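Since the structure comes first, as structure tokens, the remarks are kept for the end.
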Ligand SMILES: CC(C)(COP(=O)(O)OP(=O)(O)OC[C@H]1O[C@@H](n2cnc3c(N)ncnc32)[C@H](O)[C@@H]1OP(=O)(O)O)[C@@H](O)C(=O)NCCC(=O)NCCS
């Protein structure tokens, strides 16, 4: 890699309202036992009616900026990864730029499902490596509760709301991103999607009545692809970085299902104690899971200077990504 990047500040923000599995038992034909055993999820956070994803992201960004101790005047651009933007346009990144009082630089969103944060990190890496930009604000997060069909037990138990952010800058020491790989398999797009609301199927009375503005998923197929793809992505990132699974200090996988995380870790020969898991508390927050987990691990002292971190994601698209970073 040309110039290396590193993260100098992290932040996250989760809405206060908690929806437990027991609450869901009253809404659909499910049980705490089924959800816990099949997914590892116990509860999730839900944004209230007046809260949009930019509100969660703005708070996460403020926390990252505070940790990085950087004036907002020095932020050269904002990259937002989400599939639940405030609206189709302007971008959520532009809304956040205004919320933060940032007057300079670019701002745009990218859509890569649950892989969004690593996609955005890879873009930030190449922007900074070009020498044109120095400090970038990278944010991932969702308000998936707003596109969840709360009468579909196959999906509604899996998702939650939350956002995480990072300040990314050029690294002048041996810390930072050692490798980063991203990819997509567009032929599997129909395994996980939101049918209506775009130009293929604009909003109409019918699309609303048929709940087509919500998440549709073939869970079993997605599960099968997830483990295989996450293992190969992680192996590629490890190899590019020149390290082994056993060298990793902490493994931060996408929080989609604890069984996916366990199977992936096992195949990568990473002991389960090294896997960062918070899905029990927040469920799958899509592009939010990685930056939220990273922020919590940093603030709880689970990541120390010099530690090797392996990130691994998988999501709608289908998309995938993995990265190795020395803290
Ligand atoms: C969705 C998922 C948890 C289902 O778990 P599973 O072990 O594969 O379960 P199956 O799909 O085989 O379904 C088993 C049964 O449980 C039922 N079921 C599904 N959701 C249920 C729920 N919330 N409560 C109770 N039963 C449920 C199914 O209807 C099915 O019943 P049937 O056998 O009578 O048809 C799992 O497939 C998964 O996590 N997939 C990946 C999803 C994901 O990560 N998506 C985001 C990617 S970024």
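Counting starts with 1 at the first residue shown.
Note: Cβ is positioned from N, Cα and C throughout, glycine not excepted.
Annotated features, as they stand in TrEMBL:
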ACT_SITE  114  active site
ACT_SITE  254  active site
ACT_SITE  284  active site
DOMAIN    108-186  domain 'Beta-ketoacyl-[acyl-carrier-protein] synthase III N-terminal'
DOMAIN    238-327  domain 'Beta-ketoacyl-[acyl-carrier-protein] synthase III C-terminal'
REGION    255-259  region 'ACP-binding'
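This view paints the features noted in TrEMBL onto the structure.
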| residue | record | Cβ within 10 Å |
| --- | --- | --- |
| 114 | active site | 31 |
| 254 | active site | 30 |
| 284 | active site | 23 |
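DSSP places the residues of the domain 'Beta-ketoacyl-[acyl-carrier-protein] synthase III C-terminal' (238-327) in helix, strand and coil in these numbers: 38 helix, 22 strand, 30 coil. Here the domain 'Beta-ketoacyl-[acyl-carrier-protein] synthase III N-terminal' (108-186) is broken down by DSSP into helix, strand and coil counts: 26 helix, 32 strand, 21 coil.
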